[in-house]
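What follows is a set of notes on a single structure, which appears directly below.
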Amino acid sequence: MADPPGCCSTCATCLLCPYSCQWITAKKQKRKGLRTTKCDCSWFLFLFCVFLFTLVWLYFAIIILNDFHNFNEFIFRQRKLWLDWSLVLLIATAMLISYSSVLLVLALCLQLCGQPLKLHWVHKILLILTALVVAAAFTGLGIKWAEEWKSARISLQATGPFLHIGTVGGMTLLAWPLASFIYRTRNTGLRVFLLLVYWAAMIALYLAPLGITSPCIMEENQLPPKPALVGHRGAPMLAPENTLMSLHKAVECDVQVFETDVMVSADGVPFLMHDEELTRTTNVQAVFPERAAQSTAFNWTDLQQLDAGSWFLERRPFPTVQSLSPGDRNETVKQRIPSLEQALEAAKESNISIMFDLRPENHSDYQNFVNVTLGVILESGIPLQQVLWLPDGFREDVKQQAPGVQQVYGRKRLKNEKEPVLHVNLPYQDMSSEEIRQYRQDNISVNLYVVNQPWLFSVLWCSGVSSVTTNACQVLKEMKHPIWLLPSSTYLMIWIVVDCVSFLIIIWAFILLKKCSHRRRPAESETDVLLTKINSLMQE
């Protein structure tokens, strides 16, 4: 196999060395008669599949970053170990995709240079391990975090048009090594098969936009108002969650609702706390080392002794902790567990609403928890329309005692509702764009949680959601417009231009490489004749 013009022997050797793990010059390779066998082609196909597999996992890894704080909390509750596992995920994924990408680029360059694709056994083992690791990651995702498959579906509404353009571009570039291989191989059946598969894939890609839908493909004047922001436990990227500092930081981010979680102490004082144990967000193990850390087992006096802020600086649950000012750091270490009464007073002064869950729902004294909490609300003097009630337990009693409280349901409306549902609070994976639009038309307020990434906020904004619960209020506050918004006519034009340019480049690649192959064949024929004559003379 002769090297095509422009591919020097040194370049071919440098490409062959890392791929085959042996230093062999192009001339020695010719003398040894090394050629790409069917087995080598099979390993190249496996390499290509592993690359695509890791690329898909990279996409998933980026998508699930929106919800990764939940995973960190889950690991802490199970192992009492805090670590930002998103960094581990991204580093491992980057290593896998980089390795398979480098190997694939080397293989394509070797093919263009006419060199054999002799993949070394070490690479074969590493590729198999890469495929197994990624398969295990997908399996674990499906078993323990199945809702992320819905997140991936939603993400396609934000990335679909751009994934289409990128995929068309990548497949277009693939035409060069494919054409080079087709013009070199003498197997007619293989040529026909590869051409049919390639063009079938390209035609499917050219027509893919027919199945791509996104709420952000609309005219500018059709864009709904920006969703209101609900601070998830306040502003947990800027201050310790469920503290008064977090509430005030949320107010600075222009949130309209402070979302929190309420528990009731052993002596009947409602206070802000998410976890059923105090371990993650306080120093309870240092202050009360011999006591169980159950949140509702402590009286209010004991709870006031706990530091609810220092953990934020020590564990750094979000990267934003590193950028806190000295003043914010000093205020952080002074934070204590706030009572519901204190939170209601702060919300009233800041003129924001407060929405909360009452935990734990399975507690034997839950009805008393409801009554105590409701009593604090009524005594606080906060306008009842600023209180959004989430708990489902004993909801009818709450309606009777405090009819002005806004009832927020953690489910979709039913067909035969006795009373109209005006507010729903759901995970963002549980509502489609069509359902959001329908609820909006019916004047039902839809709040979706937890939305941290701008791409997800953009999709929900275009869909017409009323509000979103977020950890990243400081990020979403700055967004004045969705990340992208395309009129349908503009998207149609982009689609047609990309497909046409791609088709012309592919045709040009096949024509150009065909001419190059014709120029090489006479030289190869003369060389073969000369070698035959030399061989016959030696035999005589």
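For all residues, glycine too, the Cβ spot is worked out from N, Cα and C.
If you check TrEMBL, you get these features:
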- 41-65: transmembrane segment (TRANSMEM)
- 85-113: transmembrane segment (TRANSMEM)
- 125-143: transmembrane segment (TRANSMEM)
- 163-183: transmembrane segment (TRANSMEM)
- 190-212: transmembrane segment (TRANSMEM)
- 227-480: domain 'GP-PDE' (DOMAIN)
- 492-513: transmembrane segment (TRANSMEM)
Reported mean pLDDT - the domain 'GP-PDE' (227-480): 96
Cβ contacts under 8 Å made by the transmembrane segment (41-65) with residues that lie 6+ beyond its boundaries: 71, 86, 89-90, 93-94, 96-97, 100-101, 103-104, 107, 117, 119, 124, 127, 130-131, 134-135, 137-138, 141, 145, 148, 151-152, 155, 159, 453
Contact set, same chain, for the transmembrane segment (125-143): CB under 8 Å, 6 or more residues outside the stretch: 46-47, 49-50, 53-54, 57, 60, 64, 92, 96, 99-100, 103, 149
Distant-in-sequence neighbours of the transmembrane segment (492-513), which means Cβ under 8 A and at least six residues beyond its ends: 161, 164-165, 168-169, 171-172, 175-176, 179-180, 183, 202, 206, 209, 486
